[in-house]
Amino acid sequence: MANDYFFTSESVSEGHPDKVADQISDAILDAILAQDPTARVAAETLCNTGLVVLAGEITTHANVDYIQVARNTLREIGYDNTDYGIDYKGCAVLVAYDKQSPDIAQGVDKAHDDGLDQGAGDQGLMFGYACDETSELMPMPIHLSHRLVERQSQLRRDGRLNWLRPDAKSQVTLRYVDGKPDSIDTVVLSTQHDEEISLEKLREAVIEEIIKPVLPKHLIKGAINFLVNPTGRFVIGGPQGDCGLTGRKIIVDTYGGAAPHGGGAFSGKDPSKVDRSAAYAGRYVAKNVVAAGLASKCLIQISYAIGVAKPTSVMVSTFGTGKISDEKIAQLVSENFDLRPKGIVKMLNLLRPIYRKTAAYGHFGREEPEFTWEQTDKAAALRAAAGL
């Protein structure tokens with residue numbers, strides 16, 4: 001029974017203050033890339049009660065109204081009323097961007113080890129992961145957590161539950177048997193709400209309208225512990241309830257804790273930053289390995305040195321699920337995927353304004369047309385090369 005256990009992941013809605021910051025950072029990145037695809041962008045955002053601060057390093061010839069981009073993002077999320085914690089119309093927006101350091105630029109613009117390529121924008125380690133728990137090849141707990149807060153947003157936006165406000169969090173605990181999802185044990189959903197709604201009415205509506213439609217029937221075995229707004233009240237939320245910062249939801253953004261994380265956040269960073277682009281490439285590799293049937297679970301670690309194009313290491317682990325050895329899979333990866341920064345950008349077509357959409361509800365496991373790292377177009381070649 002050593003392989004029977006409980007595992008939990010969480011997600012947050014687009015109105016969570018840290019996600020507000022992520023979305024503003026990525027909206028600014030998109031606005032710049034739309035005019036200047038080779039810009040260098042590291043856009044950080046802080047949001048608090050009535051205040052947005054934009055800081056970081058940007059080198060570009062694009063002409064972007066950063067303040068208006070921030071306000072538009074708040075409006076699109078739903079922060080159009082001071083009662084919600086911040087109002088796009090009246091909040092203060094402070095801008096404090098510098099240019100990228102020339103000491104960094106000289107190693108990124110031209111690699112020290114490869115005259116035809118750009119170097120990595122920083123040192124670091126990144127992970128990619130995929131498993132066969134869902135059709136999207138994602139771990140089930142983070143998949144369900146994302147779907148719950150997505151549904152909260154959907155019912156808020158279409159007016160079916162018009163007392164919902166933008167800020168919300170979800171958490172799902174699954175029981176695993178023999179290493180596979182067996183049943184849902186606990187679902188937590190906390191949502192910001194209007195003052196007038198009673199807790200009893202709120203809990204009933206959240207369970208029946210938000211939670212139950214999301215849960216897969218095959219994972220419902222016996223009573224589920226539903227915890228809805230367990231504090232009893234969640235009127236004050238968003239940037240008023242907590243200060244939001246870019247890059248503070250890196251586990252929500254990735255695999256919900258089911259795989260390691262190298263520590264680098266994604267939002268606000270252009271694709272020369274391997275924190276983002278190599279993590280996307282890692283997901284692309286791992287997903288294609290699993291889609292090819294080479295393993296039911298795949299983890300890849302990639303590492304880089306600043307100014308150097310070629311990865312300093314590539315590691316593959318299939319946790320004993322591989323049809324061929326991990327070493328052979330690693331060899332196939334090196335033969336089929338260009339993991340140099342410029343190779344990744346070309347392979348995944350990353351110099352496009354596609355990032356705002358990634359900044360809420362997960363960067364992975366969403367088969368959006370722009371999310372090239374979710375494609376499984378290399379699976380057939382991997383399978384053939386493996387002789388399966």
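Glycine is treated like the rest: Cβ placed from N, Cα and C.
Note that the structure is predicted; figures quoted are calculated from it, not measured.
Per Swiss-Prot, the range carrying the annotation region 'Flexible loop' out of 100-110, 265-275 is 100-110. Within 10 Å of the Cα of Asp18 (Mg(2+) binding site), the following binding-site residues from the list Glu57, Asp242, Lys249, Lys273 place their own Cα: Asp242, Lys249. Of Glu44, Ala168, Arg233, Asp242, Lys249, all annotated as binding-site residues, the residue with the shortest Cα distance to Lys273 (L-methionine binding site) is Glu44. Closest in space to Arg233 (ATP binding site), of the binding-site residues given as Glu44, Glu57, Gln100, is Glu44, taking the CA atom of each residue. Confidence annotation: the region 'Flexible loop' (100-110) carries a mean pLDDT of 66 in the model.
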